[in-house]
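The structure appears right after this line, and notes come after that.
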């Protein structure tokens, strides 16, 4: 379309709708039809291109001269038609004259004469429904008759029928709407620039900040009016200042209005979502037609996995699909009043829609979120967190300058000159705030302080004008001048809220809707209220929230209470068939009345409703208000609602557990247990809480009690799955496996659920811990399949994470990284920051084990940063510990100690024993590397004690191994042997075969390097049996390598060769870890030395020393140096041999290995004798 206006077909559709609506509501509207005077001559004289330009410019004039609610279309050729809803003839005539005046000002370049210009004019015909016609044809014919009369009367004029409407004497009138947008050119430019960035496929967020009344909403609406409305997709939602906020309110409003505007596309889009997502979307837009959505009653009855991220994903997917139809502008007005659930949803959309054509415009009042000079509260927190990961633009809207105020006044009183005294008065009184200016002008005009004298605009002397002392008084002064009946209606409306409906007002007052509509028309004429045309329901709202605030807070408290009571009773009766949609309103109204029992009931219903839609903080807020109400009940009422109170305490315990506030959660759960001891749910929740705190004995105690409190299979399976996890945590793998299988068996005939998926995951983890990787992969894959069918993205991500861990243990690092990256992508998509931190942690672990310490540090640091951001204490502790490991590996022992100490302090603060034990291990490792072996042993022992306290036998075994190495470091080989044996027994008890084999092989090494070949020989039989049973190539390679060393020690090179070749066969079949790779090189070098292939042995010894840090506990290191020196002596490279012997001597001296020192001395003497 040349002009960018709507077309003729749209006009006839809209005209038909307007007639129907006006007949239904008994309300008028007007029609303007106009064309360009002498347009044919313009085309003939200046050419068609210039004629097109005239049409384009005039179309812009039309749009600027009418209201946003008016409809402007191009009718034909140079003819235009405008529909003016709600406008009587007296309203439409000034609009038509405004069009004439603005058109007369236009100048166009004459393309045929350089520097010359020409002007244009238009003629306008006018008709009004129903006075001038009741059908589309009648109205158009009457307006067309007026257009003909205007042409005949000399053009450049307005006529209604055959009557001219040229004004006689000027009169002062101001409807409260500034005819033209003033100033803000730079702000509009910034918004347009941000919009163009969004068009390129980069989601943009802009915060428009400013004080109340400064024109934030008007600025955004003006910007939106300049966009191509045929191309953009607009969603608008407003937040309201209420005591009981409705979760997701702005998104609910925005999406519901969009679907009403474009029903066919809206439902087609919704039907394209998965079944699970449709169910989630219904929690935000509950009034959708489930049949049109394609949701059956059966599917509505399913118990899908509850996950707020799925709800968020459903809303995001809708917006993404809308943006694919055309660039989406999401306008969230007054976000300072948003509920936390809406803020979290907004944050999710921003994080996940980075590459979508979406622009999010947000208006807010900084004064509402600032305490002193610091921004506080939910919104400030969201802005702060988002700014770390996404660019956020901010436009500060300031009051208008004096020049702009003068321009605004000139526009209002055009074509008359505005007196300087009026400009000074308005500037001084309003300080340039547009809302205050509008209110002041209305008061001045109503009080006749501004008037015409001899066709000139004048103002009374300032000292004779009585001005209200505040904006509140300005508004009240205007309200007082309204009809009494309208004042009463507005008072009721202000008590209902910022928005209110005609049926509700009618029900409350007992007056018919037609009468109420007539009264509200007066309110719209006074620009106090406006009608909302975006909804099928007859809705109204205050033109500015300040007006509603003034009206509401000017009421006496007793009257406010009576009105709230009336409104609540009306809501119950009027919406008795759809009460859940009005729980929040009912709770809010009853909360400020004396009917506290009803307030309690609706508050409880509210809390449960929003808990289902994952608005955790709002749910807590509702429950706490319900608690406050309950506490003030009489003893009789408390007894009556005892079960309700028990459910509240259980819910609060569960919710605070989710938010990580464990002490508060424990308080509420214990309160619940005191009230209702027969419920398995409270004991299940207590068990889950103690698991999170690492108190596994207490958790198991609670789970066992829970088992005795129920006979329901689904509940029993859930409890058994939780117990299975606890048994795994304390390394009782057999019990963990038994309970996971039992839970799966219970649920075999049930619908798929996350409990089944979780049970399979637990089974996989048990087999993973046992080293049965094929079975671990099998069960993790089953868990993944169920999660995929349920479309539970968090669980899908967890399955990828677990599979990645298995591949990591199999040294298949490429496959491990691939699965961990898939996991990370999903967690980033759903905004699961808690999961993201663990993905970073696990990816960091791979880099750490590949000795890629730079990347390991990068991922651990990212993990720490996000953990701090979301307050994930367990991940913060793990990050400090892992960074400590990196600094330990890079020999930055000071930084390592600092990070372990941080980890320890935080762990002690929250009482997380397993983390305390890990920190003790880290500090022990620092001390063992800085040669303070006794202190290291002390920390390892502390670790062992804590692991023993929590029943973690795997952790006890781990601590015992460390004590063994600390003992080796001080030359106490007997003590080391004791700790290795203890550790091995612990591994045997928990059936950890891979762990037991690892310890046996360490003990064999100790025996081999300390001359106890017979002990080694005996243990090697068990080791080889275990390695064959586990069928793991790396372990088989290591065990055969130890056999080769034994045979070399025995002097049997033939057996050594066979053992070494078997070792090589297994080693070559996989990618070895660095320690085992170093070991196989050492074995090969030792064999070459025994076979007198001295030269061939040297590079093998070099390779065995690669990536190896010197530790006193690493006896193998000393042995490599000794063998290296032996090969060099045989090659007569004495200087190099002497150097290696010096290192070996220094090493063995520290651990007091006399036999080795004697051997070194003999080799040194041999070198000296040869040299002589």
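Cβ atoms are placed via backbone N, Cα and C, with glycine included.
Among the features that TrEMBL reports, domain 'GGDEF' is placed at 27-163. Taking H, G and I as helix, E and B as strand and the rest as coil, DSSP gives the domain 'GGDEF' (27-163) the counts 59 helix, 37 strand, 41 coil.
Annotation source TrEMBL lists repeat 'TPR' at 680-713 (among others). Mean pLDDT of the predicted structure over the repeat 'TPR' (680-713): 91.
Taken from TrEMBL, the feature repeat 'TPR' applies to 757-790 (among others).
Through the fold, the repeat 'TPR' (797-830) approaches residues 309-310, 312-313, 348, 351-352, 757, 761, 764-765, 768, 771, 773, 776-777, 780-781, 783-784, 787, 836, 838-840, 842-843, 845-846, 849-850, 1034, 1070-1073 of its own chain, all at least 6 residues removed from its boundaries and within a Cβ separation under 8 Å. Under the heading repeat 'TPR', TrEMBL lists 797-830 (among others).
Listed as Cβ neighbours of the repeat 'TPR' (837-870) (distance under 8 Å, sequence separation of 6 or more from its ends, same chain) are residues 385, 388, 797, 801, 804-805, 808, 813, 816-817, 820-821, 823-824, 827, 876, 878-880, 882-883, 885-886, 889-890, 1073-1074, 1107. Marked as repeat 'TPR' by TrEMBL: 837-870 (among others).
For 877-910 (among others), the entry in TrEMBL reads repeat 'TPR'.
Annotation source TrEMBL lists repeat 'TPR' at 917-950 (among others). With a threshold of 8 Å between CB atoms, the same-chain residues lying at least 6 positions outside the repeat 'TPR' (917-950) that come near it are 694-697, 730, 877, 881, 884-885, 888, 891, 893, 896-897, 899-901, 903-904, 907, 956, 958-960, 962-963, 965-967, 969-970, 1109, 1111-1113, 1150.
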What parts of the chain pack near the repeat 'TPR' (757-790), using Cβ distances under 8 Å and only residues at least 6 beyond its ends?
276, 304-305, 717, 720-721, 724-725, 728, 731, 733, 736-737, 739-741, 743-744, 747, 796, 798-800, 802-803, 805-806, 809-810, 954, 991-995, 1030, 1032
Within the repeat 'TPR' (757-790), how many residues are helix, strand or coil going by DSSP?
31 helix, 0 strand, 3 coil
How many helix, strand and coil residues does the repeat 'TPR' (680-713) contain under DSSP?
27 helix, 0 strand, 7 coil
